[in-house]
Amino acid sequence: MVDMDKLINNLEVQLNSEGGSMQVFKQVTASVRNRDPPEIEYRSNMTSPTLLDANPMENPALFNDIKIEPPEELLASDFSLPQVEPVDLSFHKPKAPLQPASMLQAPIRPPKPQSSPQTLVVSTSTSDMSTSANIPTVLTPGSVLTSSQSTGSQQILHVIHTIPSVSLPNKMGGLKTIPVVVQSLPMVYTTLPADGGPAAITVPLIGGDGKNAGSVKVDPTSMSPLEIPSDSEESTIESGSSALQSLQGLQQEPAAMAQMQGEESLDLKRRRIHQCDFAGCSKVYTKSSHLKAHRRIHTGEKPYKCTWDGCSWKFARSDELTRHFRKHTGIKPFRCTDCNRSFSRSDHLSLHRRRHDTM
């Protein structure tokens with residue numbers, strides 16, 4: 001307000017010669033001065049001593065809600081670096097301390113395995129490049145690598161735990177780390193011998209509980225399986241596996257068929273227990289009625305007599321009497337389908353049909 005008064009006084013001095021305009025200017029400045037007191041009062045309210053003298057630390061809860069964020073330069077540098085840890089998206093978690101950029105950029109070297117490292121062939125192909133390289137497997141300290149040597153050029157590799165990652169050589173730039181998960185199953189490596197002949201095939205055997213139960217070595221030329229015990233302490237040699245049973249089943253088929261035929265013959269012999277006891281006769285029957293009819297041949301007994309008037313024929317078997325009785329009645333139940341001729345006996349019809357076949 002002091003500067004405003006000085007400005008008004010200077011204007012009054014410059015406009016002394018102009019009487020009419022001076023009066024108008026005073027009216028304008030008077031209206032401006034009349035409006036100044038509310039503004040002064042408003043400013044006095046804004047700068048009240050209660051607010052100025054208030055202690056800013058009386059409400060510490062307001063400052064606890066304020067989160068201190070790292071500088072934008074440090075956050076910008078984090079986007080250019082590869083992510084080495086999983087992102088935690090849960091709420092109300094204490095923020096982990098940020099690592100310096102030098103520690104994040106430092107290469108991570110996996111621990112070297114104690115034994116001689118096995119190699120895996122990994123082929124990576126893109127739209128304009130296809131490369132293949134021998135990449136050493138990286139085993140964690142908890143992993144167990146056991147290998148068993150067998151005759152020939154086979155090597156069985158057992159990986160108990162999983163392989164977390166495979167580190168690529170420095171020569172192959174532009175390729176990232178590939179996570180590899182290997183199941184706990186035996187892997188079989190078979191190579192051809194120097195002479196180029198077919199090598200033996202090693203087939204792993206998995207028991208019903210999912211554990212390794214040994215392996216079977218199969219020769220492609222002879223297909224004769226040979227069991228090889230596994231290096232696992234809990235594994236046992238089981239010949240009841242599916243692969244071995246299928247091969248053994250093929251070899252045992254002729255013996256099984258012969259055994260079945262022998263059982264059938266024994267069954268027939270047991271059933272044919274009715275044997276003729278006359279001297280010089282070795283007839284055997286499965287039914288006692290047939291044996292009785294046969295014995296009548298030796299004894300001459302004829303119990304079946306024809307009941308037709310004036311006929312005195314007798315027979316040892318009932319079927320013979322039936323055929324004889326058809327002569328009296330004239331019934332011929334057996335008819336030829338080709339010429340419609342009828343016969344009283346089935347054997348006569350069979351002889352007649354042979355004539356049609358030979359014609």
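Note that the numbers count up from 1, one per residue, in the order the chain is shown.
A Cβ is built for glycine as well, from the same backbone N, Cα and C atoms used for every other residue.
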Legend entry - Range annotated as motif '9aaTAD' in Swiss-Prot, from 4-12, 85-93, 139-147: 85-93
Inset, instruction - Could you give me the DSSP helix, strand and coil counts for the zinc finger (274-298)? - result: 11 helix, 4 strand, 10 coil
